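For reference, the structure discussed in these notes is given below.
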């Protein structure tokens with residue numbers, strides 16, 4: 001068996017060789033930044049991008065860029081070149097890419113320009129928009145290793161994932177795939193095949209996971225819109241860590257078929273992963289969702305529900321249920337301050353805040369219950385994939401090994417009981433929403449900001465939405481400011497913070513807010529998030 005290190009080195013070298021020499025960062029630029037540096041401005045100052053390319057990649061969100069392309073003010077080719085170059089820079093800074101296919105993207109962009117020139121219109125609402133993809137999506141002619149060393153010998157894919165075909169039909173350009181954790185079940189995008197993705201706001205902190213490569217790439221504006229998956233917070237955690245927007249839809253609204261799974265297919269778990277977007281604005285999240293669903297994906301994918309996209313209007317003021325904190329994972333001063341600040345501003349705008357002080361079941365218990373469903377495979381397929389190459393386990397996997405799982409090996413009767421318990425909890429939360437006439441639930445996405453590598457731990461605040469199969473979104477708001485946290489009384493004596501409260505280490509890092517709604521209320525939730533964002537900004 002070939003040593004896993006040699007396989008990894010060859011794969012990394014192959015990726016770097018796909019970056020043209022003129023797009024490479026000089027050694028002095030790379031050496032200039034410390035292990036805790038913020039590298040968000042490096043693409044602009046690197047000398048690799050022209051002034052026009054800086055404008056293309058920095059002046060717009062995806063919706064704004066598409067307006068320029070549709071008006072004929074920017075060509076798809078120029079846009080594709082700009083984002084290919086910026087993605088290449090991002091990868092050299094934070095190691096966020098797993099597959100690079102710039103040539104394929106540029107040919108596609110040329111075809112789109114030819115269509116526009118001939119027909120004087122766009123192919124679809126995403127015409128010319130470069131969209132990045134999590135590594136598990138299949139693209140014809142490109143490998144899907146899902147970050148296993150043992151998959152590096154697999155041939156390129158022979159067909160696209162259903163979502164990839166759909167995005168292409170709407171005019172998108174695909175150009176890169178992005179990094180993930182080993183097994184895709186931790187919050188640190190680190191694996192022995194590709195290595196660790198770093199956080200561009202602070203290289204010493206996690207970029208999150210499992211859609212962490214996307215989060216880092218989008219934060220560096222090497223992409224304006226990316227697609228990933230979420231089964232316990234995998235879109236929302238990187239959104240928080242990198243200061244961007246993330247949305248987990250109700251399951252089966254976005255087509256899931258044709259992906260490469262990290263584990264075994266056919267799980268009896270009722271918890272179904274969702275595909276959703278990460279982006280730079282709420283309107284971009286809505287653009288992704290509405291475009292995909294208006295393309296009637298149920299005709300392409302048997303797993304997709306026939307639920308058309310609805311145009312909705314939300315009339316305020318909102319009734320917001322507040323879940324503030326789980327005692328097993330108390331909020332750090334930075335997140336507590338962010339939540340309190342947002343609540344004060346929402347109240348001042350006339351919204352009603354209803355404190356949900358006693359949950360039917362604690363967030364900690366619900367997160368454990370969620371994880372039990374992920375451990376049903378008696379063959380432990382992900383571990384077999386790891387063992388096949390003798391690659392080591394990454395440290396963050398240990399963070400998901402809670403003591404409650406030490407002897408967990410359920411029989412069929414226990415599985416029945418797990419499902420009975422879940423149905424009970426789903427009804428309790430449904431009844432809670434009805435009783436208090438809530439439009440949404442507001443809660444933190446995590447107890448703090450991005451944290452040092454391998455310390456994120458259990459996703460207590462994001463797993464709830466997956467357990468219930470409710471849509472959930474994260475928007476950036478606030479930042480860690482240790483001086484104000486202390487001055488304003490948010491540092492509580494006697495509280496044990498997990499992971500450790502390290503105010504100097506996370507100073508200036510973004511915090512955020514999370515919102516949930518009842519299933520199939522994805523449209524309403526995005527409108528609610530937009531209202532909230534308008535009302536909490538200075």
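In case you wondered, yes, glycine gets a Cβ from its N, Cα and C as well.
Since this is a predicted model, take the numbers as computed values, not measurements.
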Identity of the substrate-site residue among 184, 289 (reference: 210, 231, 232, 233, 234, source: TrEMBL):
184
Among 184, 210, 231, 232, 233, 234, the record's substrate binders - longest CA distance, Å:
11
Within the chain of residue 233 (substrate binding site), which residues six or more apart in sequence place their C-beta under 8 angstroms from its C-beta?
187, 248, 445, 459, 461, 462, 463, 465, 466
Can you name every residue in this chain, apart from 184, 210, 231, 232, 233, 234, with its Cβ inside 8 Å of the center of the Cβ atoms of the recorded substrate site?
185, 187, 209, 211, 229, 230, 235, 237, 273, 459
Could you give the Cα-Cα distance between residue 210 (active site, charge relay system) and residue 231 (substrate binding site), in whole Å?
9
Determine the Cβ neighbour count for residue 210 (active site, charge relay system): the number of other Cβ atoms within 10 Å of its Cβ.
33
Helix, strand or coil: which one is residue 134 (active site, charge relay system) in, per DSSP?
strand
So how many other Cβ atoms are close to residue 231 (substrate binding site), meaning within 10 Å of its Cβ?
23
